[in-house]
Structure formats: C-alpha cells, structure tokens
Amino acid sequence: MTAQVIDGRKIAAALREVVAEERDTTRACGGRFGLTTISIGENAAASAYLRRIERTAEQLRVPHRSVRLDGSSPAEEVLAAIRELNGDESVSGILVLRPLPSHLDEAKVFAALDPVKDVEAVHPENAGLLALGTPRYIPSTAAAVYHVLDSWLADMGEEPSAFYRGSRIVVVGRSNNVGKPAVSLAYAKQSAVTSVDEWASVGGRLGAHTRRGDVLIVAAGVPGLIRAEHVRAGAVVIDVGINIVEGEGGTPCIVGDVALEEVVGRARAITPVPGGVGPVTDVWLIRNTVLAARYAMGAR
Ligand SMILES: NC(=O)C1=CN([C@@H]2O[C@H](COP(=O)(O)OP(=O)(O)OC[C@H]3O[C@@H](n4cnc5c(N)ncnc54)[C@H](OP(=O)(O)O)[C@@H]3O)[C@@H](O)[C@H]2O)C=CC1
Ligand SMILES: Nc1nc(=O)c2c([nH]1)NC[C@@H]1CN(c3ccc(C(=O)N[C@@H](CCC(=O)O)C(=O)O)cc3)C=[N+]21
C-alpha cells in the first residue's frame, strides 16, 4: 500500500476562506478583533510559528502584535504584560508561545490570562470546559488535526461519524497544549482512545500501543520517532511534530516525528511535515481570535 499524502496547504487555503467570512460578519456586528502573541526568549519552533502567524494574520487582515520579552524576564514582568493585554479592548486574543524558559511556572502564566482572550484554551477554566466536552475554544493544534482528518474523510466520501465511532485513535504525546486536547476531542467523536507518553518508549512498548491505532496522531517532538514498524497497515497517520534540525551544510530544516519515507509504504494516508497540520494551525488560531471578539461582545 502506498499512502496518500494529505495536502495541508490546500486544506488551510479553504479554511482561510471560511475565516474571512466569519471575520466580515463579526466586524459587521461591531466585533473588535486583534491577536497579541507573547514570546519569552528564543526557540526555533516558536519562531517558525510566529512567522506563520504574522503572515496569516496579514493575509486575513486581522491585526497582530508581537510582544517579545527577554528570556530572563522575571515572572512579575510577564504577568504584568498579560494584565495589560487583558485590559486592552483592541486585543481579543492572547497567545503565549511555548516553551517558556524554565524559571517560569507555565500554569501560573496561563492562569493569568483573561479566559475570554485565551484563544489556545490553556487557562484552567477553558481547559476544564474542553475536558468536559463543552469547549469555549478548540485549541488550534488539536483543532487542525481533526480539521485535516475531516477534510480527508470528506474527500474520500467517508461518513465522519461512522468512521470515528468505528476507529481506535492512538495519541503519542500528552502535553496540555497538544496531546491532551487531541484526546478530549477524540472522546467527543466517540472513538476508542489510547494515550501514550515517553514512558511507553522507555518501556519498549511504544509499537504495541501505536500498532493498534486506526488513526495515529503523533505529537512528541522527537524526529523520526514513528517508523513503519510502529504503524498498523492501512492506518491514517497525522504527524504534528515540528522539529528544527540541521540539514546539509548546517541549513535549518523542519521535520516531523514520523519517518514519512518508510511509513508511506504502510499507511492509508499520512500528513507530511512541512505542509500537513502546521499550515492549518495558524488559520485556526486566527479563527479563534475572531470568535473571541464575538465572546467579548456578549460579555460587555
Ligand atoms: N504542527 C503544529 O501545528 C504544532 C506542532 N507542535 C509540535 O508538536 C510537538 C509536540 O509539542 P508539545 O506537545 O508542545 O511538546 P511537549 O514537549 O510539551 O510534550 C511532548 C509529549 O510527548 C511525549 N514524548 C516525548 N518523547 C516521547 C517518546 N520518545 N515516546 C513517546 N512519547 C514521547 C512527552 O512525554 P512525557 O509527558 O512523558 O514527557 C510529552 O507528553 C513538538 O514537535 C512541537 O513543536 C506544537 C504545536 C503546534
Ligand atoms: N503556545 C504555543 N502554541 C503552539 O501552537 C506552538 C507553540 N506555542 N510553540 C511552538 C510550536 C510550533 N508550532 C508550529 C506550528 C505550525 C508551524 C508551521 O506551519 N510550519 C510550516 C512550515 C513553516 C516553515 O517552513 O517555516 C509547515 O508545517 O508546513 C510551525 C510551528 C506551533 N507551536
């Protein structure tokens, strides 16, 4: 079997059209939207994301501002920046780029966000709503994963609810940002769900779990972690990993967590990196920023 390579850029282009309409309707109803990203220190994957956000926000004509703080900024300075944005009516959405420097407590930083502006659903109130199956915001990365899957199913002429109900979904990685939201959304689709973290690999049981997945979602941040031997024949493989590695001559290159050239011989469909889930993520973030303006209107 040779897997179909799913074109995330095409899916992102179609989603941009939808978001442009939502933006126009929101503006016509008096909504005020704007995204502010906060970067603390330097990280190659975060910079790659920031560049995408800048481009997509500009294409969609949604105002974006980037606040850059030094990697050694004390917690009080970060919290003060968040409080200021919480009170700024021109800002509907706030995104704090990960990873945070190790001296900062991620939970405290996320809890300082105004929940209505927390477009990634990392504030405990929003994470709780998502876990309960009644999300205020669907976090962009997990949303992008299922949007890509749904688009592919539509192309295949498969009925989504029957597909999800009949599938076992295995999620590799369980961070609060990516893995756990992907699991919560799989529950909502009534799939059978398995979640594994690094201990599965350490214990040599990764393949035993991943080979059971009809859908395999990989968000570990480990280049080439998933090889052909880890994949069920005919599975749909969604590679979320964004890893910056040194290519020939030291050129930085983006690679995923899945060894595509091997897995392509075993899966039914697979998302590439770059060009898979990544391009959809930032469009969904802008979508949430527009949605945030609607919530803000309701809250006024
Ligand atoms: N495409 C996109 O749109 C996006 C991509 N990303 C990318 O996705 C990846 C994951 O991001 P994020 O969740 O934030 O990363 P984190 O580092 O926060 O979490 C990684 C998770 O993967 C698990 N893990 C690590 N190594 C292994 C292993 N060898 N076997 C099994 N599980 C493992 C960790 O386990 P444990 O809990 O035991 O430590 C942890 O649960 C990164 O490459 C990131 O850049 C992130 C956001 C958006
Ligand atoms: N709070 C937070 N949320 C995130 O979602 C988050 C984060 N922090 N920190 C960093 C990682 C990484 N990440 C990327 C998402 C898409 C691309 C992307 O679209 N990449 C293009 C390629 C880009 C290029 O070629 O430069 C692609 O996959 O095709 C990149 C990186 C989001 N992250």
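Each residue, glycine too, has its Cβ placed from N, Cα and C.
Copied over from TrEMBL, here are the features:
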type	residues	note
DOMAIN	6-120	domain 'Tetrahydrofolate dehydrogenase/cyclohydrolase catalytic'
DOMAIN	163-295	domain 'Tetrahydrofolate dehydrogenase/cyclohydrolase NAD(P)-binding'
BINDING	G173, R174, S175, I242	NADP(+) binding site
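What TrEMBL annotates, mapped onto the structure for a quick look.
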residue: G173; record: NADP(+) binding site; contacts (Cβ under 8 Å, 6+ apart): G179, D197, V218, A219, A220, G221, V240
residue: R174; record: NADP(+) binding site; contacts (Cβ under 8 Å, 6+ apart): K180, V183, S195, V196, D197
residue: S175; record: NADP(+) binding site; contacts (Cβ under 8 Å, 6+ apart): A219
residue: I242; record: NADP(+) binding site; contacts (Cβ under 8 Å, 6+ apart): A45, A48, Y49, G221, I254, G256, V273, G278
Model confidence over the domain 'Tetrahydrofolate dehydrogenase/cyclohydrolase catalytic' (6-120), averaged pLDDT: 98
DSSP-derived helix, strand and coil totals, residue by residue, for the domain 'Tetrahydrofolate dehydrogenase/cyclohydrolase NAD(P)-binding' (163-295): 51 helix, 30 strand, 52 coil
Helix, strand and coil totals (DSSP H, G, I; E, B; other) for the domain 'Tetrahydrofolate dehydrogenase/cyclohydrolase catalytic' (6-120): 58 helix, 17 strand, 40 coil
